[in-house]
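A.B. asks: Quick one: this structure, given as structure tokens, is what I'll be asking you about.
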């Protein structure tokens with residue numbers, strides 16, 4: 001029996017992870033974020049009411065459920081408290097009492113944001129598509145061993161010493177490399193002094209609590225952010241995020257052993273989208289792509305940026321299945337494909353040397369040269385929106401799902417037919 005489930009995005013993010021985590025959370029004893037920051041939003045719809053979460057795990061709407069932010073997450077204190085305030089205003093109960101933050105979480109502070117935005121502005125046409133929220137610089141500090149972490153909020157005198165040293169490093173870059181204004185220590189301390197009293201009580205040994213819950217037989221749900229094809233190591237580098245987005249990162253990012261990760265659920269959109277720069281072999285530039293974007297409301301929930309849309313890329317998904325060890329797939333937004341007369345599935349790529357491959361190459365330079373090889377399938381006119389029974393799906397929709405399974409080599413466990421948590425078809429429950 002699977003006891004703990006890891007949910008990851010299997011494409012370039014925006015696959016619909018939030019809804020599925022919220023849905024699975026009904027059976028969990030805890031939900032854990034293990035990587036990323038507040039650079040992407042997870043959208044939940046319950047009873048027609050929309051909630052967008054950026055840092056807080058998507059299980060927070062279940063009012064008796066503990067939620068955890070593991071050490072693999074970089075935390076903006078201001079963004080976190082803003083999110084808590086939004087949930088409080090919406091009537092969600094005891095958010096601060098149920099939210100636990102690892103003391104080892106690196107903090108995102110004003111100088112991270114300043115450098116992130118200054119760098120992106122300096123890149124000109126070479127922009128990598130950063131959200132400008134300080135995620136990358138915060139991860140740099142972690143690796144360079146100069147990060148200010150959540151635990152430092154408990155020791156303001158030592159924190160100030162660390163801050164002075166960090167700002168000396170940052171301000172040289174801001175002033176002399178990017179011709180930007182320096183960040184003042186007093187301004188950063190003002191932010192810290194404002195947020196510390198509220199965040200300090202939430203700081204908890206997350207690793208210990210999770211291991212105790214597991215020992216006591218409670219089911220845990222690990223919630224990934226972004227998508228596997230944005231992974232810092234295996235994504236389309238350098239057009240990637242700054243963290244490891246793979247299922248394996250749940251172990252290090254939450255502080256649990258890999259033997260605790262029983263089932264990996266890959267969230268997969270029924271077509272493909274990407275935000276920002278980077279190669280995208282199946283991207284559509286015609287009315288079909290426009291239609292997918294309009295019907296799928298393909299705009300970032302945090303940034304508002306339009307998402308690029310394209311055909312389903314099974315070759316890219318095969319790479320994701322391989323590097324994540326995906327146990328089962330959840331296909332989301334199947335209803336967006338309603339009415340598409342003819343559907344293409346990318347099953348491989350032609351390479352510049354005349355060869356072929358059935359799996360996404362590594363790195364953006366190699367992917368940019370790939371020409372998609374398509375299989376064509378008939379679409380369906382019937383509506384799949386809100387369908388909750390697999391047998392009620394149109395025959396061509398079922399054939400589409402079956403072909404995805406065959407080409408990718410992983411089973412479809414769940415099908416999402418709408419944004420609400422109830423608009424879900426279950427073929428195999430990950431916790432079963």
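Every residue gets a Cβ built from N, Cα and C, even glycine.
From a predicted model like this one, the values you see are computed outputs, not experimental measurements.
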A.B. asks: Looking at the IMP binding annotation from Swiss-Prot, with 14, 15, 16, 17, 39, 40, 41, 42, 131, 145, 226, 305 already listed, which candidate in 204, 236, 241 is the matching residue?
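C.D. replies: The record-listed residue among the candidates is 241.
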A.B. asks: Quick one: among the recorded positions 42, 305, 307, which has the most Cβ atoms sitting within 10 Å of its own Cβ?
C.D. replies: 42
A.B. asks: Considering only the recorded positions 13, 42, 417, which residue has the minimal Cα-Cα separation from residue 226 (IMP binding site)?
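C.D. replies: Of the recorded positions 13, 42, 417, 13 has its Cα closest to that of residue 226 (IMP binding site).
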A.B. asks: Just how many other Cβ atoms lie inside 10 Å of the Cβ on residue 417 (GTP binding site)?
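C.D. replies: Residue 417 (GTP binding site) is surrounded by 26 other Cβ atoms within 10 Å.
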A.B. asks: Counting every protein chain present, what is the number of Cβ atoms, excluding its own, within 10 Å of the Cβ of residue 131 (IMP binding site)?
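C.D. replies: For residue 131 (IMP binding site), the 10 Å Cβ neighbour count is 21.
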A.B. asks: For the IMP binding site, please report the maximum Cα-Cα distance among 14, 15, 16, 17, 39, 40, 41, 42, 131, 145, 226, 241, 305 in Å.
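C.D. replies: Largest Cα to Cα distance for the IMP-binding set is 34 Å.
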A.B. asks: With every protein chain in view, what's the tally of Cβ atoms within 10 Å of the Cβ of residue 14 (active site, proton acceptor), excluding that atom itself?
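C.D. replies: I count 26 other Cβ atoms within 10 Å of it.
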